[in-house]
Amino acid sequence: MQDIQLDTLLSEDVTPENASQVMQALSQSLNEHNIRYYVDDAPSITDSEYDRLMQRLLKLEALYPHLIVADSPTQRVGGLALAKFDQITHLKPMLSLDNAFDEADFSAFHKRVTDKVGEVSFCCEPKLDGLAVSILYRHGVLERAATRGDGSVGEDITENVKTIKSIPLKLRGNDFPELVEVRGEAFMPKAAFEALNDRARAKDEKLFVNPRNAAAGSLRQLDSKITAARSLAFYAYALGVVEPDSHPLAKTHFEQLQQLKSWGLPISSEIKVCAELSQVYDYYKDILTRRSDLAFEIDGVVMKVNDIAQQQRLGFVAKSPRWAIAYKFPAQEEMTLLEGVDFQVGRTGAVTPVARLKPVFVGGVTVSNATLHNADEIARLGIKVGDTVIIRRAGDVIPQIVAIVPERRPETATDIVFPHNCPVCGSLVERLEGEAVARCSGGLFCEAQRKEAIKHFASRKALDIDGMGDKVVEQLIDKELVQSPADLFKLTASMMTMLDRMGMKSATNLAAAIEAAKTTTLARFLYALGIREVGEATAANLAAHFASLDALRVATVEQLTEVEDVGAVVAQHVAHFFAQPHNLEVIDALIAAGVHWPAIEAPSADAQPLKGQTWVLTGTLNQLNRNDAKAQLQALGAKVAGSVSKNTDCLVAGEAAGSKLAKAQELGVKVMDEDELLALLAANA
């Protein structure tokens, strides 16, 4: 914009006739100074002068509220807090990146790229440890912003994004497209993170563990005033959707980033184009060396093929572009003291040793505990309580003990002894031959496994108790209304009104759903029991093979291995489960409570025309539930797999079928649409 004299903006007389013009001039000036400060790093007025301009605009907007424009800098902080975040479907999927963890990984990626498109140069930039954000501008004005979410659907965080001062509410200049989507990373600089935790510490509030969590939590505040106080920052790293698509854009990724900067969007000052592979490695090493000195947390660098035409030729796989990769930094390591070991019991009964550590800051977070995995890992490390240990954050996420420092072992160091009995229920802890993990044999009886076991029992693919969500299960157990799956069927509507936010109508509906769930199938019942490594398909195969629960309960490991897709390990799990008295008591209680299923007739060869065939489902089915389609195909003898291969007999492609359809066509696999599937199922009903 052409500069307007500061004195003029501060002193011009304002009347109802010229108020709109003056307010627009003030907004335009303040937005330009924001860009000069946050993007160009070249402020042209002092902070006090900026504040005087802002105060004048605020006073005028108070006098003439009907003249407030959408891109006014005063509109960065919204009014009332939101009740919830709306969902936004991305105009173009926001994909994640594949990772390289060493030179061999990156070299393999480089070879894949050059084999397809020849020599390339890379646009390299730090991999910010924040939250991916999509920002949509229409006619240059910020219209909406969303999180990445699952890549297809994110959450509407428009009001919160507006509070980030480095993000322009209106783009600079006039050479931008009519509609442009900007993608980038919202993050919390280290200094802002430290200040945030200092304030929390002074108020005796819970501290954030790292800047990434702080940034994510700040962007997901329903009240944008809280976000505004968190001092978030943003760097743009890519263009998304551009309309019209004929709008002239730069031909390289680096030049497109410069276009974004010219429109007033901040980009990292560490971006560099590397024409040679040696330059890429030098860039990686340079950023790694300077990592701790940067103003923000990073966990690697991102390498993108610079030429846009080459990017388009390389294309995408299901979840990531073929032309970019995140080259991750090695995990950071620190030394600390092993003060003790606790043993935790998970849903499947796994007894896991957890190291209690003297707190140490490593990889951007304070670590006070780490998993020791199992007895084999303890033996491999030769670790004892009292040892000095080396902690690494693998992939900068999971803390783990990688070694001990033998020369620092005190005379008082003690062995780590695995418990013979479950620390929760007292049942025997057993370790099956060939397994590294020790497990509580209490199954559904063990209190530690109870919540997760009952959540699984009631879940959609198990007994499918409509309305029995995780929070309801947790309340039922916490209030001691339920101690085993069979107790679910003793619940009454009046009992369930004791739960939070559960009125009589909801309780009556849930009671009806519980009653309806008594009628199930043997396959669903077996899956609901939560037997280790027995998923839907295995449960269905067991039900079809044995036809009755009584036959399955007494089956030997040898008999179990005769079942399709059941190997020796799964057979051991099943036999072991039915050998535990506590588990049999729970099953008998469920039968006594009225859980039942229709008798299974052994299928004839004529009833299984798809026996021996492998089918795959992909895309959206409009007339048939995906699980129902899978079950009906299995009933006809088909094996339903999750991926397409040369062994696939048929792919059922619903709407928006993606990479699986392309692969099936490439391999010459038969493809069937939903109508053809329905016709097949109807013909064999």
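Glycine is treated like the rest: Cβ placed from N, Cα and C.
Among the candidates LYS203, LYS206, LYS304, LYS358, the residue that Swiss-Prot annotates alongside ASP47, SER48, GLU49, TYR50, ASP51, SER96, LEU97, GLU125, ARG148, GLU185, LYS328 as binding NAD(+) is LYS304.
Comparing CA positions across the recorded positions LYS127, CYS422, CYS425, CYS440, CYS446, the one lying closest to ARG148 (NAD(+) binding site) turns out to be LYS127. Here the Cα atom of LEU97 (NAD(+) binding site) is found 42 Å from that of CYS422 (Zn(2+) binding site). Confidence across the domain 'BRCT' (605-685), taken as the mean pLDDT and rounded to a whole number, stands at 88. Residue counts for the domain 'BRCT' (605-685) under DSSP (helix as H, G, I; strand as E, B; rest coil) come to 32 helix, 17 strand, 32 coil.
Take ASP47, SER48, GLU49, TYR50, ASP51, SER96, LEU97, GLU125, ARG148, GLU185, LYS304, LYS328, the residues named in the record as contacts for NAD(+): the widest Cα to Cα gap among them comes to 44 Å.
Candidate recorded positions: ASP47, GLU49, LYS127. Nearest to CYS446 (Zn(2+) binding site) by Cα distance: LYS127. Each residue in VAL345, GLY349, PRO423, VAL424, GLY426, SER427, VAL429, SER441, GLY442, PHE445, GLU447, ALA448, GLN449 lies on the same chain as CYS422, CYS425, CYS440, CYS446 and has a C-beta within 8 Å of the C-beta centroid of that Zn(2+) site, without being one of the site residues.
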